[in-house]
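Heads up: the structure comes next, in structure tokens.
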Amino acid sequence: MTAQQHLSRRRMLGMAAFGAAALAGGTTIAAPRAAAAAKSAADNGGYVPAVVIGTGYGAAVSALRLGEAGVQTLMLEMGQLWNQPGPDGNIFCGMLNPDKRSSWFKNRTEAPLGSFLWLDVVNRNIDPYAGVLDRVNYDQMSVYVGRGVGGGSLVNGGMAVEPKRSYFEEILPRVDSSEMYDRYFPRANSMLRVNHIDTKWFEDTEWYKFARVSREQAGKAGLGTVFVPNVYDFGYMQREAAGEVPKSALATEVIYGNNHGKQSLDKTYLAAALGTGKVTIQTLHQVKTIRQTKDGGYALTVEQKDTDGKLLATKEISCRYLFLGAGSLGSTELLVRARDTGTLPNLNSEVGAGWGPNGNIMTARANHMWNPTGAHQSSIPALGIDAWDNSDSSVFAEIAPMPAGLETWVSLYLAITKNPQRGTFVYDAATDRAKLNWTRDQNAPAVNAAKALFDRINKANGTIYRYDLFGTQLKAFADDFCYHPLGGCVLGKATDDYGRVAGYKNLYVTDGSLIPGSVGVNPFVTITALAERNVERIIKQDVTAS
């Protein structure tokens, strides 16, 4: 049997495990042949050789490769497994009529586009629930993160972009870029099932009129665009358009989850991890504290809650190998808390530092009445404006959809800029949380870069900005939230060059907190590839060698 056949078989076994978990209605997910000890530790507390905190990109890579190496591994996920339909027959709700499934314990949705014509017509009152999208609000920056098995892969737009090699070498100079671009990026893209849109279909379909309009307008300003690969199955999307399958991307689904079409991590890495028979996932379990045990291992205090937020149990789970894959916010907070409360006192001062929003700035332009963008829009982006030249004004701008179900004449963009400003997480004893030290002024370089680009497009086309989409005030640039949190445990500073946390043995960071605040494109492919690189070395040198 070939390696690819082994992987396909593991995926099938893993998908069966997810299906069985849905039928059982429990929080423990494992293949039938998974070790009883791991299941017991998941249910009751106890010891398991390896624990991975989180189920996002870096966590999923680590769990799969540990499972393949024969290491019994427990993944702890604070969100739920999203595979049980709600009253409407769908697992996820759409963007236009969100309900409690949309949001992580909110009384009201907090969509990135919060208004239209300055009217509060976008967000809805909802019941607090363990929903799929969280907006974590700090003093002057908010961050969108996914909650559930699969993490951010459940709620992102799926744009699978590799960074410019020159910029990758600038931000991570101690990582061998040849290895990354020759081995680990291809491995990540293959596992993530990255695919490309049929360009002929793109040119003909009504669903991407919005992107073609933005491309034409960028061209008038002398700017080029590039097609962007995705983990959403473009072949499935074409069948959606033909009326052959249920719609998802063509039914305004994305930020609150896709019911069809998207190859999120539960269908790729995590399914393969479960299929090894060595990996167990425990949902609705949040790690609160980490301490080192006398034998050099780690003990975790873990809270189990239900989907209404009720505390059901507090457990202690111990392990020899601990991988933090809870994302830039989650992993950083756990380590900042551990350092500053004294449970891991040897963590260095770099823990919490080097955080950035990947230069994220959202903006929109008002088109002329004779230049409509289309009432029918795919929710999955397919084009980007590539104005990244490694200068301080570099921009890669995702041409974003605005699938409102009616004509808006709006061109929407998520600009990724080269903002050098960085924030720092510090421990707040009063709330027992990590507080982000970041000011709106620190986003001025990002706003200036985005403004320079879109001023150029507006001038070439005789258009203006939309000022009514980001709240009740006049505002053309949304600089107070981001989709791409990066940093907090930067590679080579808080850790060694492979994610080993400085000051401790067998403690690793494996997610976006390793990347120093910026990567110049949508970051999940880089996070995945970097995790592949790091865990390969860790398993060889730290796990199998011992």
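Here the Cβ of each residue, glycine as well, is placed from N, Cα and C on the backbone.
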Of the candidates G45, G89, G512, the one that Swiss-Prot places in the FAD site of Y57, G58, E77, G152, N156, G157, M159, V287, F524: G512
In three-state DSSP terms, the structure that M159 (FAD binding site) belongs to: strand
Entries of E77, E398, G512 which, being recorded positions, have CA atoms within 10 angstroms of H484 (active site, proton acceptor): G512
Distant-in-sequence Cβ neighbours of Y57 (FAD binding site), under 8 Å, six or more positions away: G151, G152, S153, L265, Y269, G325, D511, G512, F524, I527, T528, A531
Surrounding CB atoms that lie within 10 Å of the CB of E398 (active site, proton acceptor), all protein chains: 24
Alpha-carbon distance [E398 (active site, proton acceptor); E77 (FAD binding site)] in Å: 30
